[in-house]
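Here Swiss-Prot flags C18, C21, C40, C43 as Zn(2+) binding site, drawing on sequence analysis. Taken from Swiss-Prot, the feature ATP binding site covers P122, T123, G124, C125, G126, K127, T128, Y129. Under the heading domain 'ClpX-type ZB', Swiss-Prot lists 6-59.
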Amino acid sequence: MSKVSGSNGGDSKNTLYCSFCGKSQHEVRKLIAGPTVFICDECVELCMDIIREENKSSMVKSRDGVPTPQDIIKVLDEYVIGQRQAKKILSVAVHNHYKRLAHASKNGEVELAKSNIMLVGPTGCGKTYLAQTLARIIDVPFTMADATTLTEAGYVGEDVENIILKLLQAADYNVERAQRGIVYIDEVDKISRKSDNPSITRDVSGEGVQQALLKIMEGTVASVPPQGGRKHPQQEFLQVDTTNILFICGGAFAGLDKIISARGEKTSIGFGATVKAQDDRRVGEVLRELEPEDLVKFGLIPEFIGRLPVLATLEDLDEDALIQILSEPKNALIKQYQRLFEMEDVELTFHEDALREIARKAIVRKTGARGLRSIMEKILLDTMFELPTLEGVREVVISEEVVRGSARPLYIYADRQEEKANASA
């Protein structure tokens, strides 16, 4: 309960006082009542300032505030299946980035350059999820931008400075906190140069966006409207320094594996030419040989690649990895649907061969882990529709035939479970 200060007069016996500073209810704007004590709005603000300062100093001064690469990878393992090499590269890069910030605040002797990260891997292999999990581990503001919506300033579409605005919003407009955040730019392969030949038509959503991103990725002071919206001359702007913001770019780069394979082949003709067998390796295996020059051939400008010195490639997920994704992580899909069914007091059970069939379907769709949820929704749609109106159902069993569509899920009722219990006794 809060008491709003009234007039200065009144009975002194009924006057309430702040238990911390001793001011009366007439001297402050608000007085908040607890069971036996009172606190005024001024003391609340003072406490908040002290807490902010403590958090800031511990974040900057304590080396323990930066998780070790082993700590980071341990948490990533709980949420993301496989991709060991990519996780190792990311954990070291993120650890070094925040260690660099702590070092910079202690002395200005050696200036350590920022190491932005490029994630390359097939669709649905966990690029976005890795970046989101990293931000959660470090506990810094995080925002995600879609490169396909970005255009050069002055054209229809989003300016690159809108990315910084989103980060500022994620930090509740705390500029200092936003300046230590992480930005993930997805679908960065879609802003590749449209062609090698210069054209009379300006490429405002391809090379133009790459050029616009250069400055904010390297470090500049961006002017951001305080509460969003369009810029106008009379408006005051918030100044956000992007020097210490970590940028992670990700993309599927469809066809990049062919560029890498072509680089490795020797071009020879005639009777003495070496006949090379078809490259049957999976996309992820080919991507391991990625070099910056391959990204230039794909259509990214050298200056843009230069701002992303850390290259991490992710592998396409095989059947076993998809089964693990379904059942093992903390927030695995199977666990999510089992929790949904628990709300109806029903146990949801999947046979091992059912999980394998779901994984096979996802591989056929070529959507990676992203396609698993839509497959699960299709399998369980009728069951989730009927279940709230059915009485006595205690368990739903999903078999391989159910996943294939040749059978309906098995419903086990309460009386059948009692029969099972009696039989086992």
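Note that Cβ sites are derived from N, Cα and C of the backbone, with glycine treated the same way.
Here the features listed in Swiss-Prot are placed on the structure.
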residue	record	contacts (Cβ under 8 Å, 6+ apart)
C18	Zn(2+) binding site	S24, V28, L31, F38, I39, C40, E42, C43
P122	ATP binding site	A252, V283, G284, L314, D316, G368
T123	ATP binding site	A252, K366, T367, G368, R370
G124	ATP binding site	L317, A362, T367, G368, A369, R370, G371
C125	ATP binding site	Q83, G284, L314, E315, D316, L317, G368, A369
G126	ATP binding site	V80, I81, G82, Q83, L314, L317, G368, A369
K127	ATP binding site	L119, G121, D186, G250, G251, L314
T128	ATP binding site	M144, Y184, D186, G250
- For the recorded Zn(2+) site formed by C18, C21, C40, C43, which further same-chain residues have Cβ atoms within 8 Å of the site's Cβ center? S19, F20, G22, K23, V28, L31, F38, I39, D41, E42, V44
- Given Y129 (ATP binding site) and C21 (Zn(2+) binding site), what distance in Å do their CA atoms have, once rounded to a whole number? 48
- Residues satisfying Cβ distance under 8 Å from C21 (Zn(2+) binding site), sequence separation of at least 6: C40, E42, C43
- Message: Going by a 10 angstroms cut-off between Cβ atoms, which of the binding-site residues C40, C43 has the sparsest surroundings?
- Response: C43
- Hey, for the ATP site built from P122, T123, G124, C125, G126, K127, T128, Y129, who else sits with CB inside 8 A of the CB center? G121, G250, A252, L314, G368, A369, R370
- Could you tell me which three-state DSSP class C43 (Zn(2+) binding site) falls into? helix
- Item | In three-state DSSP terms, the structure that G124 (ATP binding site) belongs to | coil
